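First comes the structure, then the notes that go with it.
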Amino acid sequence: MSNVNLSVSDFWRVMMRVCWLVRQDSRHQRIRLPHLEAVVIGRGPETKITDKKCSRQQVQLKAECNKGYVKVKQVGVNPTSIDSVVIGKDQEVKLQPGQVLHMVNELYPYIVEFEEEAKNPGLETHRKRKRSGNSDSIERDAAQEAEAGTGLEPGSNSGQCSVPLKKGKDAPIKKESLGHWSQGLKISMQDPKMQVYKDEQVVVIKDKYPKARYHWLVLPWTSISSLKAVAREHLELLKHMHTVGEKVIVDFAGSSKLRFRLGYHAIPSMSHVHLHVISQDFDSPCLKNKKHWNSFNTEYFLESQAVIEMVQEAGRVTVRDGMPELLKLPLRCHECQQLLPSIPQLKEHLRKHWTQ
């Protein structure tokens with residue numbers, strides 16, 4: 001009889017997929033999107049958006065939990081966009097893990113994440129993935145840069161932004177649950193085909209959407225959700241990440257005369273701290289808009305050494321308010337400071353500096 005009871009208990013435990021809308025700058029708690037239920041959000045206390053250009057009913061969201069995407073309908077007058085492409089009034093498009101939804105006018109970035117929940121009838125629902133009480137530590141592993149895949153081979157001018165990678169060196173890997181398929185970053189980290197280097201502390205992969213001829217991501221095996229979650233205990237890890245970044249430059253671009261920068265985005269596009277190692281040519285078809293450019297050429301990009309010094313001196317990283325506004329600044333050449341009106345003209349201008 002006891003064996004039957006155990007079997008029944010196991011039988012009634014079922015897994016349910018749930019969807020969450022997550023503000024990338026962690027200004028408020030994530031919002032649950034019930035399966036196939038229309039949820040309308042916009043300006044208000046739930047989102048903490050006070051911008052009058054954002055309607056109180058800006059978007060309608062309907063989660064297709066079984067299919068792994070959310071249908072987004074723009075209800076408000078001002079533009080809502082997904083990956084910088086405007087949806088259009090009364091139009092509906094799919095928002096998938098790895099894409100960024102800007103609520104209005106390229107502001108207020110959101111992503112969606114899916115979780116598996118174990119649920120017992122009559123009992124409290126238990127999440128398969130744990131999260132702390134700190135909203136900054138909510139995992140958001142779906143992001144454009146972090147999708148399973150790789151970047152351009154160095155020097156390629158192809159219109160493609162994704163080609164196979166060389167296999168990384170063998171090293172022990174700290175096992176971690178990959179969770180839902182949308183967590184492309186963790187999958188990429190664990191996949192030998194995606195790796196160019198790994199050791200006990202970090203792994204290096206090519207950015208799937210490189211913004212330059214050489215663009216790598218250095219990621220710690222330890223899960224750190226954002227720069228705000230970095231503490232003094234991570235100091236040696238940050239130093240090691242910087243050292244590995246420099247090593248990758250020597251190993252894979254040693255003959256190149258290109259200049260490199262190592263740094264972090266003030267507000268990361270995924271919930272796993274990652275160091276960008278990027279050449280300063282910005283010669284890539286994946287560099288498509290002002291947001292891409294300014295994320296690497298304004299104070300939005302925090303130098304690796306500066307981050308290390310902050311943690312060394314203060315025990316934490318200070319990210320000032322208003323960072324998203326930097327992404328809207330005019331296009332300015334990082335070499336000569338000349339203002340350019342468009343990305344195509346900026347790219348043409350940059351060619352002059354390649355020959356110098």
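Residue numbering: from 1, along the chain as shown.
Including glycine, each Cβ sits where the backbone N, Cα and C put it.
Swiss-Prot lists 1-110 with the feature region 'Interactions with ADPRT/PARP1 and NCL'. If you average pLDDT over the region 'Interactions with ADPRT/PARP1 and NCL' (1-110) in this model, you get 85.
The annotation domain 'FHA-like' is assigned in Swiss-Prot to 38-87.
Sequence annotations record features per position, and here Swiss-Prot assigns region 'Disordered' to 122-167.
Annotation source Swiss-Prot lists motif 'Nuclear localization signal' at 126-131, citing a curator's inference.
The phosphoserine feature in Swiss-Prot is assigned to S132 (among others); the stated evidence is a large-scale study or a structure entry.
The phosphoserine annotation in Swiss-Prot covers S137 (among others) and is backed by similarity to another entry.
Residues or ranges marked as domain 'HIT' by Swiss-Prot on the basis of sequence analysis: 182-287.
Taken from Swiss-Prot, the feature site 'Interaction with DNA substrate' covers S188 (among others). According to its DSSP assignment, S188 (site 'Interaction with DNA substrate') is helical.
Residues or ranges marked as region 'Interaction with DNA substrate' in Swiss-Prot: 207-211.
For H265 (site 'Interaction with DNA substrate'), the same-chain residues lying six or more positions away in sequence with a CB closer than 8 A to its CB are H276, S295, Y300, F301, L302. Taken from Swiss-Prot, the feature site 'Interaction with DNA substrate' covers H265 (among others), and the record attributes it to experimental evidence.
According to Swiss-Prot, the feature motif 'Histidine triad motif' maps to 272-276, an assignment based on sequence analysis.
Annotation source Swiss-Prot lists active site, tele-AMP-histidine intermediate at H274. Summarising the environment of H274 (active site, tele-AMP-histidine intermediate), the number of other Cβ atoms within 10 Å of its Cβ, over all protein chains shown, is 26. DSSP assigns H274 (active site, tele-AMP-histidine intermediate) to coil, not to a helix or a strand.
The feature site 'Interaction with DNA substrate' is assigned by Swiss-Prot to H276 (among others).
Around K291 (site 'Interaction with DNA substrate'), a 10 Å sphere centred on its CB holds 18 further CB atoms from the protein chains shown. Residues or ranges marked as site 'Interaction with DNA substrate' in Swiss-Prot: K291 (among others).
The feature zinc finger is assigned by Swiss-Prot to 331-353, with sequence analysis given as support. Residues of the zinc finger (331-353) grouped by DSSP class, helix first, strand second and coil last, total 11 helix, 4 strand, 8 coil.
Secondary structure at K291 (site 'Interaction with DNA substrate'), taken from DSSP and collapsed to helix, strand or coil, is helix. Cα spacing between S188 (site 'Interaction with DNA substrate') and K291 (site 'Interaction with DNA substrate'): 24 Å, rounded to the nearest whole number. For H276 (site 'Interaction with DNA substrate'), other Cβ atoms within 10 Å of its Cβ number 25. Here the region 'Interactions with ADPRT/PARP1 and NCL' (1-110) is broken down by DSSP into helix, strand and coil counts: 11 helix, 49 strand, 50 coil. Break the region 'Interaction with DNA substrate' (207-211) down by DSSP state and the numbers are 0 helix, 0 strand, 5 coil. The local packing around S188 (site 'Interaction with DNA substrate'), expressed as other Cβ atoms within 10 Å of its Cβ over all shown chains, amounts to 24.
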